[in-house]
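Database features, via TrEMBL:
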DOMAIN    141-201  domain 'Glutaredoxin'
REGION    229-255  region 'Disordered'
REGION    302-321  region 'Disordered'
TRANSMEM  340-363  transmembrane segment
TRANSMEM  375-394  transmembrane segment
TRANSMEM  400-424  transmembrane segment
TRANSMEM  460-486  transmembrane segment
TRANSMEM  506-530  transmembrane segment
TRANSMEM  542-560  transmembrane segment
Amino acid sequence: MFSMFIDPFARLRLSAVTPLVFLFALLSYTPTTAWSDDDAANVSAVHTVQMEVFLRSDLPKSAETIAYIEHLKNKRPGLDVVVHDVLKDREQLARLYALTQRFGRPKPVVPSFYSCRQMYYGFLDAQRSGPGIEALLTMDVYTRDTCPKCQEAKRFLPQLKQRWPAIEYRIHEITGDDIARARWHALSSAVGGSPGLPTFDFAGRVIVGYSGDATTGRQLEDWIREVASEPSAKQPAGKPDDKPPPKPSQTKPSQVQPGLISLINVLQAAQAPDALSETSDSNDSPVMEFPEFELPGEATEGDVGAATLQPPEEASGTPSDTIELPWFGPVRVTDMGLPLFTFIVGLVDGFNPCAMWILVFLLSILVNIKDRRKIIMIAGTFVVVSGLAYYAFMAAWLSMFLLIGIVRPVQIALGLIALTIGVINVKDFFAFKKGVSLSIPEKSKPGLYRRVREIAQAKYMTAALAGVVVLAVVVNMVELLCTAGLPALYTQILTLQDLPAWQNYLYLGLYILAYMLDDSILLGITVVTLSNRKMQEREGRWLKLLSGLVILVLGLVMIFRPSWLTLVGH
């Protein structure tokens, strides 16, 4: 420890290395999640999902429908089927009318299947109608192989399947499936949110992102539990829009049959429709007449199809993405993450000495003319054109990553390149321009200096502005390798977010604004003070260290923890 006081650089070297040591420790840490005691007690429990089937036992399709239901129950363990014969059950006939109204159909048909707040009308046969009926019990999960959060969600789904075996969890890989990708984008647009991965679509609700088993996993299971059964399956819902009819005057209370009949009774009724269709004045007659409700007819081929009842609550997002702040209310953390990240990385990139030295030299020459208006016009044009050239450069990076897609080998290769660039920049802090160095070549500087002097000495403003435009483009081309690290990393991270194209380019614009901020501040200081101070080697070293550490951190994260780079709900 005493040696640190003897060697003043020891403290500096330690401060530069400590963040990397801390980062390695952080990368090796894997957060754990835990279920509550109540959840742990129910982990091994098998839960049932209810399906209601409305039919008329006097119609030919009822027997075929019952046979299919038996097959479906054997295929989907945990499926509890409740059959309502609307010919004999007045309350469930009213319920069928109410459900049909809620789902926007003009009139009910039989058979009708209701499960998980979705409905399927009609039954042609098992081959044609079966997939549509089973879709009521299917959760569609959109993923990508290179998405770490998707892999985490996939590991959780077997646990969910064990507890809810009646639900099928259908995974769609969007990378090589254009149809799945189009459905995923359409789904995201329908709920009004940005596309994110993984995306879960079940029972009319869309959940985007995965924050862990104890958060998003819990949310998924809570939603399944909420829609798995309804008390109204055995008793009318009693909602205002159900409007149960008054009892007809000729119908005695004793004629009302129980609201739920057994599967065996329905099957018997289906096999003997003539016996059930006979009317009788006796109190034990199984058939009732409802003047207020016309008995639904059998569904035609044009009636067959599914309908989803959207829940009234928010249809997307995960609870872990939202926090309550005083005065501000609920705030989506992930929505704030990418803009702030973009601004910070762009700001650090702007402090790159390769990008600043020519502006500093230009200002040091221009300040001698003592004309603030001319300084602002010439140097301001340089800053703006440099920003536009840099924007085009980053847009090219983005287009390349969007074209080749996000594959793990590309991520690893880019991470290794970033580590190399970061190490070289950090090396330049301790051994400036010794060995390999990512700086503007010395042989290029005399030509750039000459251009700067010609601009400052130009007699006409148009000639000066034209010259500074050319200078800005040339400088950006010369310093391409020096500044390539952060733009390449950032555009790859931006590709991970799966944003619409207009948002991608909007974020690039935010990056460029942050990139130009330090140059704009430098220009403002020069105009106010008319100082001709030039950048010193010591300042260049510190800027190299700053950019090198940022590139190192992003490279390490891209290799070891790429999930941290998904900042908008993935």
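Each residue, glycine too, has its Cβ placed from N, Cα and C.
Curation plays no part in TrEMBL annotations; they are all automatic predictions.
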Stretch-averaged pLDDT - the domain 'Glutaredoxin' (141-201): 86
Positions whose Cβ lies under 8 angstroms from the transmembrane segment (506-530), at least six residues beyond its ends: 338-339, 342-347, 349-351, 355-356, 359-360, 363, 366-367, 370, 372, 375-376, 379-380, 383-384, 386-388, 390-391, 394-395, 398, 490-491, 494, 499
The domain 'Glutaredoxin' (141-201): DSSP-derived helix, strand, coil residue counts: 29 helix, 12 strand, 20 coil
